[in-house]
Amino acid sequence: MDAVVEGLEPQAATAEDAARDATDAVDAGPGVTPLLAGNRLSLDLYPRGCHRLLHLCAQQPHQLLEVEFLQLSGHEDPQLLEATLAQVPGSLLRLRSLVLKGGQRRDAGGASLRGSLTTLPAGLSGLACLAHLDLSFNNLETLPACVPQMRSLGALLLSHNRLSELPEALGALPALTFLSVTHNRLQTLPTALGALTTLQRLDLSENLLDTLPPEIGGLSSLAELNLASNRLQSLPASLAGLRSLQLLVLHSNLLVSVPAGLDRLPLLTRLDLRDNQLRDVPPELLDAPFVRLQGNPLGEAPPDPCSPPGTPVVREMPRLFLTSDLDSFPVTSQGCSVTLACGVRLQFPAGATATPVTIHYRLWLPEPRLVPLGPHDSLLSGVLELQPHGVAFQQEVGLWLLFVPPRARRCREVVVRTLSDDSWSDLETQLEEEAPKRLWAHCQVPHFSWFLVVSRPVSDTCLVPPEGTLLCSSGHPGVKVTFPPGATEEPLHVCMQVVRMASRELRALLGEPEGAVSPLLGLSQSGDPSFLRPVTVQLPLPPGVTGLSLDRSRLHLLYWAPPAATWDDITAQVALELTHLYARFQVTHFSCPPRYWLWYTTKTCVGGLARKAWERLRLHRVNLIALQRRRDPEQVLLQCLPRNKVDATLRRLLERYRGPEASDTVEMFEGEKFFAAFERGIDVDADRPDCVEGRVCFVFYSHLKNVKEVYVTTTLDRQAQAVRGQVSFYRGAVPEEVPEEAEAARQRKGADALWMATLPIKLPRLRGSEGPGQRLGASLSLAPLNLGDAETGFLTQSNLLSVAGRLGPDWPAVALHLGLPYRELQRIRHEFRDDLDGQIRHMLFSWAERQAGQPGAVGLLVQALERSDRQDVAEEVRAVLELGRRKYQDGIRRTSLAPGDLGPSGPSASQSLEPAQA
């Protein structure tokens, strides 16, 4: 939970901004006004921050009267910090927010270090206006006595300390609305906690609590309560009296029961009871949609307390949380619960495997040959591969996949699709909503393969016995298929999908206001496509048409089955039986699978119109954008966006990027390939797996982010003038022979042109004597260097030079996230003053030399780039690693040294696939 205090400005600032401000302050001197930014005084990343504050208190006390927000580092000398804080009450009379966090420094493994703060001076209780106090990531073992005396305090943050208890005096804070004491050592809670009647959010997760005081039921204003990851075995009945409670998180405890009445809390929208020891819960909670109960032994018999000595004790199921640098984990007969770095969750029940097995996973970027989609399907996730393929488990494994919520939900459903026995099938899927835009697709899988989440039209299925049956559409009740007795000798699975077309789109296509169509019916079956007796199909008449008033000459029954390219008018080949609302006809087989469509129009050649209408049903209207980063024009963002998201996306991006307006609207199919080609002297400046001869490949999926960031270069002379180039977007895969620009321009004018849009790209003129090839390599003499290994991928000196060339002014943030101390940053700035490239290269290569031979160094670099908001460079590093892995594996295969499962197996083992970025 994040603290939100009414009237306070946001406290968070990026490491980049903090480092830049710190540099300005150091250059300017310790007592100047640039230290003050309005009513904020931020000294948490400054060297000698306490000295600076003491200097300000002595030299410029009048300026401190306006300060309302103060940030100091908890890593200062404890005695100096206490002496400095003692000056605060007399100098900062209007102080409303005091942040004394540790955590700015990191150890060799990149973990945040606690600050040195162990207490606070008693005089801080005199801060009459203080509403926000953050003491997180320090070494507090007891709560300072001055804190309960801060009568105006509204938010108190104490997470990541060493507190074993809270004082009873804490209940005397009349204005407290938010309290966070996560990641401490609390074993008990004070009974006076129940006196905090204004408290709205309480986070006590990651502690050692085994009981709660009954007085907790007195928190009459409490809306959110987080008690996850403690040792609670029971809950007080008074919890059912928290009438304002909206969120109650109790996962990862030892609960064997829950109090009655929780389901009757009027405002409760989420109750998380996952991973406890609940064997029996009230029926009301079992049926409640807001309750999460996964990971509990529901329905199992409790252990026998009288069992003889020597009876094996069932241990708690292990829980694993994998980081981004791990791609495998072990599973034993005990079972386990696993959360992958990509957000996927797996639940292996006890006994799922008799012998230990190592599970490997990988998340692939979608690729048409790997993503099987029906005509009206939409992809909602990446492709997850779990290995070993085909190994059957003795009990089904639970799988939870995150997916993008579909925009259209009416008459559609979300399913998990998997490869089994060389064919794709859809698993029975349940949806679980963790947040409004965070949805899980949950299914049970008997073995591992490839998995993805898709949105499809609602599929109604039935098993047709020899006695016959009736199959109705759940979304369109008027659509029915009647199987008479004797239609089949063996039971037969039949599936029905129905799709409706919007009337306004049809009228625009037909050009006649009275034209109308019925819902489109698709059918498929398993086994023999022929029936022993005719099957009756019923379709509703098109809207506005009745059987009493229609002109039969205008009614057309259309039929299509792949691989045909056109729709056939079969009106004259069947006997259409018309009622007031429906049309019925009989068929003797379902082939390929068939689709039926009823049209009412004055047009005579309806087949061609039906083909266009069917395409219109599957097309998405999109716009293309090409933007350049303001700080680094050589970094270009390319994206394909749904038309209704263009304005909002541009507003968000134009703070960091600049560029032309979006292209005109174009139409694309789900899963359609297209590529971006840089022209007029501009080319892609990287060896990328998705780049062929300077053409960047894309695959359009309407619900995924069709975005890539690339770096461009030019062979033209940028010292003389700016380079004005362009990027053009074309349909299809990159041609084997890339045409010259003049030939490509002529092709754009053809009737069936593959060209979609062209947008300008400008590389500004270079200033100074350095050319583009000199900026990275000048004055560089470093020993050969390789990070990583051959199997996972190397970063060579050339790769690191490329990374250094991309960082620009963001390098201090990356350095801090790599764990470099702030003092070293200052030394690098001083040693390479007036040489930004030298600063970046020295920082990166000196860090890399220290990491030589260390496992996980490349992963640490990728994480630092991501935390510094340089996802673009992180993706480029991953692409380089993947390219190296492929070359390594190809070399192993050529020398016949690799096991068969070294690369991806399954339907695309011989295909080139891209790994998705975490």
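Just so it is clear, glycine is given a Cβ too, placed from its N, Cα and C backbone atoms.
Just so you know, TrEMBL annotations are computer predictions that nobody has curated.
Range annotated as region 'Disordered' by TrEMBL, chosen from 1-26, 157-182, 547-572: 1-26. For Ser591 (active site), the same-chain residues that are 6 or more apart in sequence and have a Cβ closer than 8 Å to its Cβ are Pro529, Ala561. Looking at Ser449 (active site) and His589 (active site), their Cα atoms lie 33 Å from each other. Around the Cβ of His447 (active site), a 10 Å sphere holds 15 further Cβ atoms from the protein chains shown. Spacing of His447 (active site) relative to His589 (active site) is 34 Å (Cα to Cα, whole number).
Local packing around the active-site residues Ser449, His589 was summarised as the count of other Cβ atoms within 10 Å of each Cβ; on this measure the leading residue is Ser449. For the domain 'Death' (796-881), the predicted model reports an average pLDDT of 79.
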